Structures are given as C-alpha cells and as structure tokens.
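Q: TrEMBL lists these features:
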type: COMPBIAS; residues: A:39-49; note: compositional bias 'Basic and acidic residues'
type: COMPBIAS; residues: A:65-77; note: compositional bias 'Basic and acidic residues'
type: DOMAIN; residues: A:550-665; note: domain 'TMC'
type: REGION; residues: A:1-20; note: region 'Disordered'
type: REGION; residues: A:34-85; note: region 'Disordered'
type: TRANSMEM; residues: A:237-258; note: transmembrane segment
type: TRANSMEM; residues: A:312-330; note: transmembrane segment
type: TRANSMEM; residues: A:404-425; note: transmembrane segment
type: TRANSMEM; residues: A:478-498; note: transmembrane segment
type: TRANSMEM; residues: A:621-641; note: transmembrane segment
type: TRANSMEM; residues: A:670-691; note: transmembrane segment
type: TRANSMEM; residues: A:727-745; note: transmembrane segment
Amino acid sequence: MTRTNLPGDARERITRRSPPRNVAGVMMMRMRVRTRLPRRSEEEQPIRRKEAKPRTVMRRTVMQTKERRGRREERKEGRRRRTVRLSLQQTHSLHSPFPICLFCSSSSDSNSNSDEEEESMSEGEMARLMEEVEEKKKLIANIRNKPWRMKRRLVHLKEAQQFVDKFEGALGKGKGRKWYAYKVMMTKKWIKFQRDFENFRTACIPWERKIKEVESHFGSSVASYFIFLRWMYGMNLVLFGFTFGLVVLPEVLMGLPYGSIPRKTVPRAEQDTAQDYSVLMDFNGYCKYSVLFYGYYNSQRTIGLLKFRLPLSYLMVGIGTFGYSLMVVIRTMAKNADVGGGDGEDGEFTFAWKMFTSWDYLIGNSETADNKYASITTSFKESIVDEQENQKDENIHLRRFLRVLANVMIICSLGGSGYLIYFVVKRSQEFANRDDLSWYEKNELELIMSLLGLVCPPLFETIAELEDYHPRIALKWQLGRIFALFLGNLYTFLFALFDEVNTKLEEEGSIRNASIWAMKEYYANFTRAINDTESTPPPMDPADVIRGPCWETAVGIEFVKLTVSDIQVSYLTILIGDFARAVIVRFLNYCWCWDLEAGFPSYGEFDISGNVLGLVFNQGMIWMGAFYAPGLVGINVLRLLSSMYYQCWAVMATNVPHERVFKASKSNNFYMGLLLLILFLSLLPVVYTIMTLPPSFDCGPFSGKPKMFDVIMETIDLDLPAFMGTLFSYAANPGLIIPAVLLMARDEEKNRRNNTDSTNQVMKDLEDLLPNRSLAPPPVPG
Amino acid sequence: MKIFIVPSIISHRLQTISVSAVFLSLQDCTFFTRKEILRLHGRYHELAPHLVPMDYTNDPDCKLPLALIVNMPELKENPFRNRIVESFSEDGMGNLSFNEFVDMFSVLSETASRELKAIYAFKIYDFNVDNYLCKEDLEKTLNRLTKEELTPEEVELVCQKSIEEADLDGDNKLSFADFENMITRAPDFLSTFHIRI
C-alpha cells in the first residue's frame, strides 16, 4: 500500500475527516459564543489557556467543541431531557469512533431542535444510547493501549467520562430505573475498589529497588532469575500460610500437648541423647517428635471446642498444595505466553533482530554498557563471518561422528551417576543397622547427590565442545542434559526410599503384635499387683510404649535432610566459588605473574541456568516432601528469603556482567514449563503413597485406617447428609472425571490466546504521532 | 528496606494531595498505578525543582528540555536516548511536559502491549522521521550500537542484509508494516525494549 506519509498530508487528512458543512456550523457557533456573556464553568478556563496558540485546524475545532459543550452543560440543569434528545440525534446521524466529529457535526441540527417539545424516548433509542455508553466505556478501558499523544488521550478520556456520567443516569428510565442506578453505582464502586486493591498490591511487592539495581548492572537476563526467585517466594509463602494455618496451628492449639500420648513422646531409650546437637542435626530426638513431621499428629477425628477435623484438613491441605501450585504455574505461563512471541527459526531475521533487539534498555551502568557494546560488536562480526563464508559443511561425517560420540559419553556419565546413587542408598540402608557411624557415613547420601549436581554440569559442558553447535542450541542441549541428570538422581533416590518404606512396613506387622502383647502384659501385671479386677489401670507411660517404625516420618526426615544439605552446599558454593575467588583474584593480583583479572581465573559470571534449575528442583523436592513433613514448607520460605538477600549481595559484590550475551529464547516460559513438569513428577509419588500404601498404625493423622483417603469416606458418611454420599459415589465415576479434566485443560488453552489489533487502525494512528517538523524535505508535487 | 521509604512518600503526598484528581486520569491513560505516577512526578520535579511546580491542579504548561531528561540514570547509557525523548515530545525537539514524560515511561514499562512498543520502536529508529527505515537510518543505528567499530564494508553488508530480510514490499526500505512483522517475532524484543523506573 503506497501512501505519501509526510506531515503536511497527514494534517490535511485529519481535517478532511470532518464533513464540509462543519465549517458553516463552526462560524455560526463562534458568532453565537461571542454574543453570550461568558458564564463558563470552572473547567473551561484552563483549557482555554492550554489551547491559547492553536497551530492546526484540528485544535481550533477542539476548542470550539469544548465551548459548545460547556454551554450545553449550563442548560443541562433545567433541560435534562432536551439534552438527552440532542445527543440522541447526534448518535442517529453519525456513528464514528471519533467523539470530536461526533460532537462537531450536526451541530446546526441540535441548535434548531433546542426549542422543541420534549418527547419520551423509544426503546430503540434507549438501546442505541446504551450501545454508545458501552462503547465509551470500552474506550475508557482501552485508552492506554492507543498509540495517541498524551494530550489527545486525556481529551478523549475526559469526553468519554463526561458522556458516560451524563447519560448513565438518563438510561435509568422506566421500569428498571432504580435497579439500573443501583447496578451502575455498584459497578463504579467495584471498579474503584479494584483499582485501590491493585495500587495496594503493587505497593506490597518487595525488593523492587534491589532487582532494579541488579538489572541496571547485569542486564535483564540475570535479573530474570531474581524475579523468578521472588515469584517462588510468593508461592511458597501462600503454601506456608495454608499448611501453618490449617494443620500446624490447630494441632498446637487444640490438640494434645507433647508427652501425653506415645506418638508425641521421645521413647525411653532415646531420651538421654534427645537433646544432643548431633542428634538434632539429624532431625532425630526432639525434632522428630515435633510438629515438623507427620508422626506427631493425632488421628482423633475432631479436636477442640470447634470440632476441627484435623485428619481431613491434613489430607485436603496436602492435595490443595498441588492444586494451588498447578493453578498458579499455569496462570503465569498463560500470562507469559504472549511475551515469547513465537520461536522463529534462527536464520530468519538474524541481522534485523540483532540490530533492533540487541540493546538492553535496562542497562544503567557504564561498565555494563561498555561490555554490551563490545559483545554486540563481536556478535555482528561473527554473523558477518558466517555470512561471508557461506558456511559449507566440509566434513559432515566427522561432525556427526563427534556428536554421536559426545552423546554416548554423556549417556554413560548419566548412567554412572544413577548407579552411584543407587549404590550409596543401599549402603545407607546397611548403615542404618549399625550404630558407630562417622559423620561422613551418616551424611554420605546427601553429600554424594549434591556433589554430583556440582560436578556433572561442567563435565557436560566440556564434552559438548565436541559437538560444535550454535550457542543457543548448545544451551538448550545443556539444560536438557542437566535436567535429565537431576531427574535421574531424584528418581533413583525415590526408588531407594521406597525400598526402605517397604522394609519398614514389613517390620510394622511384627512390632504391632509385640506392642499389643506388651500392653496386655502390663495390664496383667497391674491387676495382679493391685488384686482388684474392677478398677481400670492407669495407662502405660507414653515413653515406654513400644513404637512402630513410622515410615512416613522416616520419609519426611529424608526429604528434610536432603533439602538442608542442598541449602548448605549451594551457600558454600557461592561463598567459595564466587566470593573467595573474587577476593583471591583481587588481592593476589598485585603479586602474581600474569593478570588474574583478565586471564584465568578472573571474576565469576552469574550462572543463570544452573541457578534456575537448582531452584526448580528444590521446589520439586519441597512438593514431594511437604505431605510427610509439614514443616518443610516453612524451612523453604526461610531459605528463599535468605537466598534473595545473599545472592543479591553476592552478585553485586563478586560477579561481573557476561561477556558473551545471548539468552535462551522464551526463557521465562521455558523455566515455567520445567516447573510444571516437575510438579507433575512430584505429584506422582505422593498420590501413589496416598492411594496404595497403608498408613502406620501408631503415628500420624491417619493411623488406624486401612488407607489414607478413607478419611474422606468417613467424613462423607458421618458429617454430610445422606444424599450427598450417593451423589459423590456417582460423581466419582472415571467416565465423568476424565472429560471434566479435559474440559478444564481446554479452557486454559483458550485463555492463552490474545487479541491483536488490526494494523489498519494502528497505521492510521501512527500518522497522528508525527511531529510537526520533519527533517526530510517536502515532496515535489506531482 | 521499605520502612524508610514510607516517610518520604508521606511528605511527598502531603505536598501533592491536591493533585490526585489530575493524576487519576493519568492512571487511566497509562500503565501505571497511582503510586508510580506520584513517584514519577517526584522524579520529574527533581530534574528541575525551580521550573516544575508541585501543584498540578491548574495544569501548568511547563516543559523540560532534552538535555535535562537524557541525563537521568535510566537513560544516560542508552545510545538512543536522544531519539527516545524526541519521539515522545510533541514538537519533535525533545521538550517533554509531564504528561509526555509519563507517557514515555509507560510505553517503555513492562506491561505495555507489544503493538504499542513496536510503534514507538519504529519511531525511535527512524532518525530522519520520514516514516520509513531507510539505509541511512539503519547505518546510524548500527554505528550507535557498535560505537563505530565496524568497517564501512561491514556496515554496508549488515544494513543490506537487514533490509533484505525484513522488506516485504520490495522498496528497499522498511515501512512500518515490514518492521512490525519482523519485530513481533523477535523473542527478545519485549524484554530488551523495557525501562524500569
């Protein structure tokens, strides 16, 4: 579409929009205005001052329409209906989206009709007026998306708001008037409330300044990690709120205190060492018999005056954790979906993208800016070299062979690490039977897992040098491999854990018999001693009762220990790998042969992908362990909070901006997708254990039941009215559940689609933005 | 910590308490919340305290020159800072009123729509303001980005390739439609064309 797009033309086109008879109307208006004594409303004055120097015809028109409207408003008090009638005529005549023209055309008509008798409005007119009001409301809602000048936006906004205010009342005629007025008032109040809430919410977002500082020094990719961390912190805070408020607090406030029943007391045998630091660090002793773990909770159906159903609440919170996380992750993915903008092939717009999207507007620091200039120059030079050489794959066979070799090596190392973990878990099971363990042997499993997580990724990177991929593709392969490593390790760990659980379950059978036997013996001894068969014996001291192995608490302890060791390793890595390195490079540089800062080792760069993956997997472990250790979520909240401050400090004090800057495309949604996958993978073990494994007989909120979810059945039978029970049994049909789940999934997909404005309107608006002066010479006519 | 910011916000608000009605309409016209607009007003005032009035109820007609605005820390290091401010000014010379100042940061904020950003990106890179990105515009952009480190042959090659890639209607320069088609597919556009204030 060819068009002459010079400012002069644009001006003409704008004025040409209003119909020719407007000129006569304008002249008439101006004369009328001059004859009346100015009795303007307050708002007229400042507008006049602003428009004191009209430079285009358009602005003059605007001024006149304002005067005209001011006069009309003065008559409004006495002649409301007539005003309504006037605007109705306008809506009849002109249905354009430009309110200026709406008011400036047919002005002569309105004048001549101003003395007519009032007539009642017909249904059709009312409907049309309502349509106009709705259109104006839509304009108000969307006005920030229009590419207009601010002045024009403010003018349109004011007009639209005045129109809506004036005629919203007029619409409330006839039967539903009071209801309509009430509805309108409630809508307004609701909008105001929403806006205040939004203001309040943005005021509550923490760490804005900190992230901005990191952003201006390191660019948007490093800052995206901290934004992700903040988002995780928010989600974990909500989960902590649920767990703490609905499970921990009721048990602490309304449940039985420590020491009253066997499950809440440290057994006699362990009581001597229960307070030792080493025992507490292992989460045994007093830690094990506290609200942190599953085993502490009592299985009483209702507790306290409020009849709070703790077992039901425990199960619901466990399921609700996953449900809420799923909802939040999907919602964030949907919001980010239009940010990605489509994964165009790398070859499609290489140079154009490099030119227009390589500069990061967030940079506010001169050193970072210098780095950025250098990296952009290098990137351009590389692309030029690529382009000039017309890259022919000279030795495609060698390249393929190298790639296959690299993949084989990596698969071998993945398999090796999986086997190592399995071996270590088996060893730890043997160790569980012994008592004389060194510190290393006690923590061997966690140490090995963390070390593998540290050592393998650099190993993969070195092997990947063989492959010779484009950096963006290489990054994707690297992330995929690290993901496979962590996943393999986690699942091997889980399988080994399940082995342990099964052993404990077998043990339980025999211990249960033993404990019942011991109880009988105790009573028998008691009656023999007192010689009175009528009185009931006092219950055995809780510390003496024989305890079952309580596999749930054991699983919870494993997860907590894993999380804690993960925290320790990551903090130590930052301290040694970044801080100590920076200190050494800085101070040893004075007396070293080569320049430590420029050559090896120099300062570290912030490893975005490693950190994000660590965060994602940490969250996976929390999701898995939260059901068995309600305190784990609280520990994670503390960890994320301290991590934020610690890593912000570390990044600013010890890291330098990246030299080679490229980002994984769609990085935000990539990490969210990873999080979603981990969520599903961590859901599986928990659901499996809830559905199939029997709970321990003497610890936890489900003790005594054949399966954990029997709590729900019990509640339906005892607490809800009878017909609900039959209703649920019908609704639990898989034939109903599967379509419901599919429908929900499809709804989410629909939410992700966004509307795009048509380009025509956009291009029209673009012309309006041109300033009055142009550096190009005016075109030669013809 | 957030606690220390509150007293300064309160003192600022006491001064501008009469202004909230005017700023309310700004809230509808931009992607900012009231708190952010108040903060922006504070920043605008800081640039020239003797010129900018604290009281905006009478809608004063005051504009700050280009030189003051491009010295803000957010814009100082940007190679396109002059073009950015010029694109948002009504007279094309870079003199911004407060409304235009807010408009500029609103378009460059995180929540602005992609289409809006594409429109203004086009205006920014259009150095000679002829509504086309011709070769001279691209050469100027490239030289600013690389601080003139590339040889003239390399500059010529890059500009030629860029136009080849994005030009759809074959007139050897990029119109807005060409530019928009290219930029909306760019994965990094929204994250790089963003200023946080």
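Yeah, the Cβs are placed from backbone N, Cα and C, and that goes for glycine too.
Whatever TrEMBL says is automated annotation, not expert-curated.
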Q: Can you find at least 3 Cβ pairs under 8 Å between the transmembrane segment (A:621-641) and the transmembrane segment (A:727-745), where each pair is 6 or more residues apart in sequence?
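A: No; fewer than 3 Cβ pairs under 8 Å.
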Q: May I ask for the residues of the chain that lie six or more residues beyond the transmembrane segment (A:404-425) and have a Cβ under 8 Å from a Cβ within it?
A: 444-445, 448-449, 452, 456, 459-460, 463-464, 466-467, 481, 484-485, 488-489, 492-493, 495-497, 499
Q: With DSSP, how much of the domain 'TMC' (A:550-665) is helix, how much strand and how much coil, in residues?
A: 83 helix, 4 strand, 29 coil
Q: So what's the mean pLDDT when you look at the domain 'TMC' (A:550-665)?
A: 86
Q: Residues of the same chain, at least six outside the transmembrane segment (A:312-330), with any C-beta under 8 angstroms of its C-beta?
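A: For the transmembrane segment (A:312-330), the far contacts come to 235, 238-239, 242-243, 246-247, 250, 297, 623, 626-627, 633, 672, 675-676, 679, 683, 686, 690, 701-702, 708-709, 711-712, 715, 748.
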